[in-house]
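Data block below; observations after.
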Amino acid sequence: MYKIQLLSCIALTLALVANGAPTSSSTGNTMKEVKSLLLDLQLLLEKVKNPENLKLSKMHTFNFFMPKVNATELKHLNCLLEELKLLEDVLSLSPSKNLNPKEIKDSMDEIKDLMDNIKRIVLELQGSETSFKCEYDAATVKAVEFLNKWITFCQRIYSTMT
């Protein structure tokens, strides 16, 4: 009699795990990834706001789009990925003549590493669920506001998990 209940329990557990139901360890990993994403976005914001980095001055005039709906779920990170590609394009503009090539390369390498890490974390957080299609608001924001809004998103997600 207990054998049937045990087998039913095992089958249900396997079905939940196979369908991506959150487990305590996956929630812990998600929290770590969201925290890492938050820290990387904050570091990227510091780099963008650095007045010594003249190369980034062009980026401050570029317009970024935010999701039409208030981003509240991990699936909305797909919108961040899409706009991050544009951010990379802006950063690959011609180098400033006021800085020597080594300073530009070092600074841009740091930023590229941060953005690559952000993309990796977002892809890990999304898992196989990357089919979400973003709808963007007609209003645009500048780079600093763009990063601040995604930082706020990560803080909100992290606080709901704790």
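Cβ from N, Cα, C; glycine included.
Just so it is clear, the model here is predicted, and its values are computed rather than measured.
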Candidate cysteine (C79, C154) that Swiss-Prot pairs with C134 in a disulfide: C79
Rounded to the nearest Å - Cα separation of C79 (disulfide bond) and N70 (N-linked glycosylation site): 11
Protein Cβ atoms within 10 Å of C134 (disulfide bond), excluding its own: 19
N70 (N-linked glycosylation site) to C134 (disulfide bond) - Cα separation in whole Å: 11
